[in-house]
Amino acid sequence: MGMCNEKLVGFLNNRWLVFVAAIWVQSCAGVGYLFGSISPVIKTNLSYSQRQIARLGVAKDLGDSVGTLAGTLLEILPFWATLLVGAISNFVGYGWIWLIVTGRAPVLPLWAMCVLVFVGTNGETYFNTVSLVSCVQNFPKSRGPVVGILKGFAGLSGAILTQIYAIMHSPDSADLIFMIAVGPALVAIGLMFFIKPVAGHRQVRQSDAMSFTTVYGVCLLLAAYLMGVMLVEDLVTLSSTVIAIFTAVMFVILLIPFLIPVASTLSSETTTYAEQEALLQPLHRQEPATSEADGNEVILSEVEDEKSEVEDSVPASERQKRIAQLQAKLLQAAAEGAVRVQRRKGPRRGEDFTLGQALIKADFWLIFLSHLLGSGTGLTVIDNLGQMSESLGYDNTHIFVSLISIWNFLGRVGGGYLSEIAVRDYAYPRPIAMAIAQLLMIFGHLFIGMGWPGAMYIGTLITGLGYGAHWAIVPATASELFGLKKFAALYNFITLSTPMGSLIFSGLITSSIYDKEAEKQALNHLSKLQSSNGPLKCVGTICFSLTCMIMAVFCAIAGILSLVLVHRTRGVYYNLYGKSRSSTLCVN
């Protein structure tokens, strides 16, 4: 009996159980990615113009990204309570919108609708913050894969929720809003006691690599399956029974990762905590020395961060010997008064920063601006996908929302995996993967803007992959350069760049160009889809071509900023990963 209780306690505190529960929460947390599906019904039922829809989109992006309150509450409340606040926010916001759209509640002014959209979508920040912070703390040595997988499932949630909505077989798209209000809230409440830090760095096992491989396999299987199902449902009229079977298989695939914590608990494999502790806390071992009040501490200001390539080529043992000799000489010179000792002001890159300390660093603002331009243009495509596909003559806009959700998912998972290879195998800065993603997005915007037959499929593929990669690479990069201690505050501040980008590209540029072209077509009687009392609609490639060209240019600028960040942080990443890699090679 005692053995069973011990196994049960071990299972409930297994870091893989936390990870799987976080995956399930993230699988329905990305409600903002369904805005492209619900915006047409809001636009029609409330007779909104494209500019008004764009303002709702900006409110949605703000709600999706302003996680300052979530990060603050997480430092005060338990993890489960923070998730509960997010569930309530999601339910109240989108539940009220559903009542208004279906005529069950009076229509509110546009500003009040923006508030409701903000409140409803802001619940996602609570889900994201709790999931990311708990899992990054539980898997400190695998930040890239963990962040990529979690953010990937958040991106895939649009396709998952759309497939669940297909079971309802309802011609009224307003029912999708109801499902968005209820579904994520119920899942978060059901799993809120399982997602928490459980001293995961003490649970490192040799089988962890195989477990991650299994999760990656589930990711690829689920993405391929959903893409196939969406295409079949778009091309063939299926019965409700077949759709229900497709959805049931999807749930079975989502349940596969649950076998990992079960197998881990039943296994007799021992952990490698000692090795993990040595890698996790190199700074804590230095704290006694740095806290000495002897006043003789010599700080080599960012010497380790700014080493030349020639110095990096020196063998690790020889390099450490040279550094020790240099420190000895400086200590002697300082004692004799030949040099003035410069005390370090604040942490160095790779150590723990507060938000205030990070805000005065150029690297932090390079991340922020690059993310603003890259993710801002990608989110503009996602928010306006319904109108983009309608303007090009596609009847079923849900297929593109689902497809870009899948590409978004693969971009997040792939971005985390490939960037981890760059840093682990080559000690190369992680932002190089972000630069590649942003340069690829240029072609995605150009394909959408050209409006060629079938180009919409290719454009959404490339844009979804590039946009998704941002959400795996940026959080991991921020944690590496500025530490884990205040990761929630740092992460939520960086995500503010996304609504800022959306405000610029969607709220100002896209909506203005669209409404201007729609007014021209209404005046010239070029569109057969216009109605005298309905909202203005634009038809043809002219609606979004100029917008896509502008966004392509800004993606190029984002790529340049990321390359500058790569150049500045090469020494940092060598210190983080290159030394351990060199030591491993020497041992081998």
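Cβ coordinates are placed from backbone N, Cα and C, and glycine is handled just like the others.
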Need the matching range: TrEMBL marks coiled coil on one of 263-299, 300-336, and I'd like to know which. 300-336
For the transmembrane segment (358-379), which recorded stretch in the set 16-36, 215-232, 431-448, 454-478 gives the largest number of Cβ pairs separated by under 8 Å? 454-478
Using a threshold of three or more Cβ pairs below 8 Å, and leaving out pairs closer than 6 in sequence, do the transmembrane segment (16-36) and the transmembrane segment (148-168) count as in contact? yes
Mark yes when the transmembrane segment (399-419) and the transmembrane segment (215-232) have three or more Cβ pairs under 8 Å (sequence separation 6 or more) and no when they do not. yes
Lying 6 or more residues past either end of the transmembrane segment (174-195) yet within Cβ distance under 8 Å of it, the residues of that chain are 12, 17-18, 21-22, 24-25, 27-29, 31, 34, 37-38, 41, 45, 79-80, 83-84, 86-88, 90-91, 93-95, 97-98, 101-102, 120, 123-124, 127, 130-131, 134, 161-162, 164-165, 168
